[in-house]
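Since the structure comes first, as structure tokens, the remarks are kept for the end.
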Amino acid sequence: MSTFRQEDVEDHYEMGEELGSGQFAIVRKCQQKGTGMEYAAKFIKKRRLPSSRRGVSREEIEREVSILREIRHPNIITLHDVFENKTDVVLILELVSGGELFDFLAEKESLTEDEATQFLKQILDGVHYLHSKRIAHFDLKPENIMLLDKHAASPRIKLIDFGIAHRIEAGSEFKNIFGTPEFVAPEIVNYEPLGLEADMWSIGVITYILLSGASPFLGETKQETLTNISAVNYDFDEEYFSSTSELAKDFIRRLLVKDPKRRMTIAQSLEHSWIKVRRREDGARKPERRRLRAARLREYSLKSHSSMPRNTSYASFERFSRVLEDVAAAEQGLRELQRGRRQCRERVCALRVAAEQREARCRDGSAGLGRDLRRLRTELGRTEALRTRAQEEARAALLGAGGLKRRLCRLENRYDALAAQVAAEVQFVRDLVRALEQERLQAECGVR
């Protein structure tokens with residue numbers, strides 16, 4: 001957890017005029033007591049309760065401060081100090097007083113591609129530094145591209161407002177809905193995994209506007225704007241791009257690619273011929289077209305300031321973000337239900353197979369019982385035949401001569417013993433047959 005100075009910022013800085021404001025932040029000019037150095041004090045309203053939507057969460061503030069403390073680059077605003085009180089965290093930032101780049105360019109009588117690329121090169125250098133540290137700005141737009149001093153011979157670009165910047169961790173999926181609708185990438189609109197590529201899309205939109213004074217995806221409503229972005233619905237209208245080089249258009253085309261993996265990276269953009277090669281343009285008609293381009297840029301700048309509050313970063317889409325999160329949760333629940341349904345079907349199929357196998361075993365068992373019964377019946381028939389034969393032999397013996405009387409008695413005795421034994425065996429077999437018949441009937445009933 002980051003620690004900030006638990007002191008009254010006004011004990012160290014004299015507060016001055018307000019420079020800008022957002023949904024939960026106010027920026028004021030300030031002067032350090034003792035040194036007279038001028039800075040910008042950004043007052044960020046803290047969120048008091050985790051469940052509240054008012055204010056900025058501690059986690060978000062700490063993330064912004066952590067990123068600002070890490071970065072040091074000529075084209076990125078510098079953090080000097082951080083204070084905290086009961087209601088606010090106060091960032092003491094480098095004072096960037098030259099105004100917005102687009103406002104500066106809109107004041108010029110003419111604008112060449114060479115001048116545009118000089119400023120764009122500074123933007124790319126700043127973004128290249130961020131991306132080298134795996135930091136994505138996620139809110140690159142004209143009002144976050146400032147000049148340190150517009151009166152300097154070669155004004156220096158400063159990238160500001162790291163309120164929604166994130167470190168992109170390898171192997172970790174990150175999704176969110178934020179940014180400014182006109183400049184966000186399709187993967188933000190579609191709630192897909194985000195990376196450094198989203199900044200490159202924003203640079204493509206900024207370049208398009210810089211060269212034409214027209215916004216490539218801006219619709220009559222925010223929803224129309226988002227639809228245009230998702231469909232990559234833009235073109236190079238001849239009215240706006242008649243004097244624009246093919247190299248410049250190619251630079252934009254390589255950035256405004258829906259698939260982030262196919263989008264030009266920051267390293268590739270710095271190596272693009274339009275950025276590397278400075279071309280001087282001559283001809284009588286070119287200055288007039290360049291003046292027309294600057295006039296259109298003025299119109300865009302005036303329109304954007306009149307239609308959108310300064311330093312507004314997709315705050316109005318927070319509800320949309322929550323809706324998309326709910327939709328994602330519902331889709332996840334649906335996928336789990338479908339998975340459960342598949343598992344139930346698989347279990348039913350397994351039970352059906354088990355029942356069929358059991359039925360087959362019962363049929364096989366019934367067939368075995370039938371074979372045993374037939375075998376016992378055969379044995380019974382043989383036993384009956386033996387009994388009949390014994391009776392016939394006894395009758396034959398009775399018909400013998402008187403001399404055989406003793407033998408006949410013995411035979412009769414033998415017959416009686418044998419008859420008793422046979423009767424017992426016959427009774428046993430009959431009992432066994434009845435038992436087997438009952439088992440067979442019970443088995444057939446169980447199968448049905």
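Quick reminder: no glycine exception, Cβ is built from N, Cα and C everywhere.
The domain 'Protein kinase' annotation in Swiss-Prot covers 13-275 and is backed by sequence analysis.
Per Swiss-Prot, active site, proton acceptor is recorded for Asp139, and the stated evidence type is sequence analysis. The DSSP secondary structure for Asp139 (active site, proton acceptor) is coil.
Beyond the ends of the region 'Activation segment' (161-204), by six or more residues, the same chain brings 22, 25, 56, 60, 63-64, 67-68, 77, 120, 123-124, 127, 130-131, 133-141, 144, 215, 217-218, 222, 225-226, 229-230, 232, 252, 254-256, 258, 260-261, 263-266, 269, 308, 311-314, 317-318, 320-321, 324, 328 to within a C-beta distance below 8 angstroms of the stretch. The region 'Activation segment' annotation in Swiss-Prot covers 161-204.
When other Cβ atoms within 10 Å of the Cβ of Thr180 (phosphothreonine) are tallied across all protein chains shown, the result is 22. The phosphothreonine annotation in Swiss-Prot covers Thr180 (among others), and the record cites similarity to another entry as its basis.
Counting only same-chain residues at least 6 apart in sequence, those with a Cβ under 8 Å from the Cβ of Thr225 (phosphothreonine) are Pro181, Glu182, Phe217, Leu218, Gly219. The phosphothreonine annotation in Swiss-Prot covers Thr225 (among others).
According to Swiss-Prot, the feature phosphothreonine maps to Thr265 (among others). Following the DSSP three-state reduction, the secondary structure of Thr265 (phosphothreonine) is coil. Cβ-based neighbour count (10 Å, all protein chains) for Thr265 (phosphothreonine) stands at 16.
Summarising the annotation, Swiss-Prot assigns phosphothreonine to Thr265 (among others) and lists similarity to another entry as the type of evidence.
Feature annotation from Swiss-Prot assigns phosphoserine to Ser304 (among others).
Taken from Swiss-Prot, the feature phosphoserine covers Ser306 (among others), and the record attributes it to similarity to another entry.
For Ser307 (among others), the entry in Swiss-Prot reads phosphoserine.
Look at Swiss-Prot and you will find Ser313 (among others) tagged as phosphoserine, backed by similarity to another entry.
Residues or ranges marked as phosphoserine in Swiss-Prot: Ser321 (among others).
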Other C-beta atoms that fall within 10 angstroms of the C-beta of Asp139 (active site, proton acceptor): 25
Alpha-carbon distance [Asp139 (active site, proton acceptor); Thr180 (phosphothreonine)] in Å: 7
Asp139 (active site, proton acceptor) and Thr265 (phosphothreonine), Cα-Cα, nearest whole angstrom: 17
Number of helical, extended and coil residues in the region 'Activation segment' (161-204), per DSSP: 15 helix, 2 strand, 27 coil
For the region 'Activation segment' (161-204), mean pLDDT (0 to 100): 91
